[in-house]
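**Q** According to Swiss-Prot, the protein carries these features:
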- D55, D61, D108, D110: Ca(2+) 1 binding site (BINDING)
- D55, D108, D110, D115: Ca(2+) 2 binding site (BINDING)
- 1-16: compositional bias 'Basic and acidic residues' (COMPBIAS)
- 22-142: domain 'C2 1' (DOMAIN)
- 181-305: domain 'C2 2' (DOMAIN)
- 345-471: domain 'C2 3' (DOMAIN)
- 1-24: region 'Disordered' (REGION)
- 574-594: transmembrane segment (TRANSMEM)
- 608-628: transmembrane segment (TRANSMEM)
- 716-736: transmembrane segment (TRANSMEM)
Amino acid sequence: MQRPPPEDFSLKETRPHLGGGKLSGDKLTSTYDLVEQMQYLYVRVVKAKELPGKDMTGSCDPYVEVKLGNYKGTTRHFEKKSNPEWNQVFAFSKDRIQASFLEATVKDKDFVKDDLIGRVVFDLNEVPKRVPPDSPLAPQWYRLEDRKGDKVKGELMLAVWFGTQADEAFPEAWHSDAATVSGTDALANIRSKVYLSPKLWYLRVNVIEAQDLIPTDKQRYPEVYVKAIVGNQALRTRVSQSRTINPMWNEDLMFVAAEPFEEPLILSVEDRVAPNKDEVLGRCAIPLQYLDRRFDHKPVNSRWYNLEKHIMVDGEKKETKFASRIHMRICLEGGYHVLDESTHYSSDLRPTAKQLWKPNIGVLELGILNATGLMPMKTKDGRGTTDAYCVAKYGQKWIRTRTIIDSFTPRWNEQYTWEVFDPCTVVTVGVFDNCHLHGGEKIGGAKDSRIGKVRIRLSTLETDRVYTHSYPLLVLHPNGVKKMGEIHLAVRFTCSSLLNMMYMYSQPLLPKMHYIHPLTVSQLDNLRHQATQIVSMRLTRAEPPLRKEVVEYMLDVGSHMWSMRRSKANFFRIMGVLSGLIAVGKWFEQICNWKNPITTVLIHLLFIILVLYPELILPTIFLYLFLIGIWYYRWRPRHPPHMDTRLSHADSAHPDELDEEFDTFPTSRPSDIVRMRYDRLRSIAGRIQTVVGDLATQGERLQSLLSWRDPRATALFVLFCLIAAVILYVTPFQVVALCIGIYALRHPRFRYKLPSVPLNFFRRLPARTDCML
């Protein structure tokens, strides 16, 4: 049986017609755009006046129907209004126009059949063309006609023109491609939008001490701690070591806060009166907008805050003030960058405070052209369909393209730009299937399905070059990796100052505060989780929403979870890094064994020259590296990096390993499967444990050289050191180096297969393995 051909997961270079002109070499012959031009017929329905009444009451409920061939778009209707204003735009794709005339009909909405008020007909051959930066076409009044062509009462203000997707009316227009979508919410869900991430701050709460606390039970020493809450985040200090009514902590609690600040900081001082019972001794609420903002390492002033306590009086909750106070130093940290992405794929590294931002070094332009070969993501009317849209994120700016309805080869041709402040950043483009066009919210909360994702690191791009490639869209499923299609992108990174960009390579990757007052790894993990939750919640509340599953996929939430496949990939990445050293070791072994006598003799000569002229060693090394770099320039990568299934071990992963990777946390699998995976993990951990133990043994043997743990071995080593010191003192260094080098490169005739004396001595040294249980 013939095996099916392997799927093509490679990157392909494309030659699209960008901006109406061909791509010539690395430059554009037309500087219009990074996308292919798409022609549209635009119809702007502005308003009508003096419409005649059609009802028995003498009034009308007018709306406008714009018809072009089989495509039909309608405005909203007004109740009993003879001078309505709509100001709606309709866009018809020129590629799908199969008519010669455009008809705009004003109708009166009725229960049985809508009445005709009048119409305006346009010959498409007479419609003007407009391309920005031309000014918008001014709408005109047109007298309405009946079906016979006779003038009737009423006028309609319209503007009709041919344009491209660069027209400012394009984003808000009704599109003929989406004619099957109805409803205001559904139409809002298919339009292109630009979103901004909320401005995130680190909130530092330094809890110093409290005074004059009043515990209920005065006969015991209080076990007091402070609990702090900001929105959904809750942290607490340790129990104070000074068990008095004046406890001290001097402990930092870190939160993530987003502008505009909606929730206050709520602090409560609590006493642990029993293992599962805590008593509130006082609390206070502090609005975040009034807090100090710190931009450097200088400490802010501390303040005393009064504590309040709620007590029950006659079944009612009443607030009482008393003399208890808490001493704290609270500030919003503007000198840090709030990490909301995976550190490996960061798109922004600037601090929160805008005062600390440096000028941009360039501009990133991204053209999202089209996709091909998309897979069916859902069924509609008994057949597979896909309603695809793209999301791109770089820095604080998110963009969402319009949704192309029911197409496996959608064409977006939308272009976006971002300011670039650091070249060592990544732009992420994701493709999703829109599941909210036909009442998705009502059907059990449908989620937008992921089709694939592309990452492009800006530092891998040449400046001022247009990259046009087709990227494979790969998604990992429990049954293996699957190619969902391809997305065609055009990317250009323009540098405003080459010197400034080169200077960036000498600067720290993160703002200074990350190094002056570093946060712990556990703090960063917790804060990153909170930041992603805040960003996804805020973007979900936008209109139209950028849904939580989309935001989390773009931010790589959950990428830190255990994965056998990813562990194997990382292990082989380490082996790939070490392969160069291993190859050098094998080459040196061949030199020592005289596999190629001519090469070995040349190495002898080179070694003697370097020993006699040691000042040539460093220049020789750096000159060698320079020549290697120049030699490799001919074979430098000419394409951006892309998802590599072989490197990721996605094409060879075992189904059970993939099922484990997609398991929830905590696990939701049956106990027998969990037991099997636990035993497998124990087996792997046992091998790692053995390797770590062997490394520790070698280190302990080095320590035991002078520890007198083995008195004979230490005595021999000390005596050897004394003799070596005397010999090295009276013998020139060059002679010693020559002797050692010639001995290491000696002919196999003078070698023995038994281990050397130093190695035998080292292996006999004691380690602490004897003390292990």
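Please read every residue number as a count from 1 along the shown chain.
Cβ atoms here come from the backbone N, Cα and C positions, even for glycine.
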**Q** Hey, of the binding-site residues listed (D110, D115), which one tops the CB count within 10 A?
**A** D115
**Q** Report, as numbers and ranges, every residue of the chain located at least six residues beyond the transmembrane segment (574-594) whose Cβ falls under 8 Å of a Cβ in that stretch; write 'none' if there are none.
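**A** Residues 600, 603, 744-748 contact the transmembrane segment (574-594) from elsewhere in the chain.
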**Q** Taking DSSP three-state, what's D61 (Ca(2+) 1 binding site) in: helix, strand or coil?
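**A** In the DSSP reduction, D61 (Ca(2+) 1 binding site) maps to coil.
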**Q** Sort D110 (Ca(2+) 1 binding site) into helix, strand or coil using the DSSP assignment.
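**A** Going by the DSSP assignment, D110 (Ca(2+) 1 binding site) belongs to neither helix nor strand, so it counts as coil.
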**Q** Under the DSSP assignment, what numbers of helix, strand and coil residues are found in the domain 'C2 1' (22-142)?
**A** 6 helix, 57 strand, 58 coil
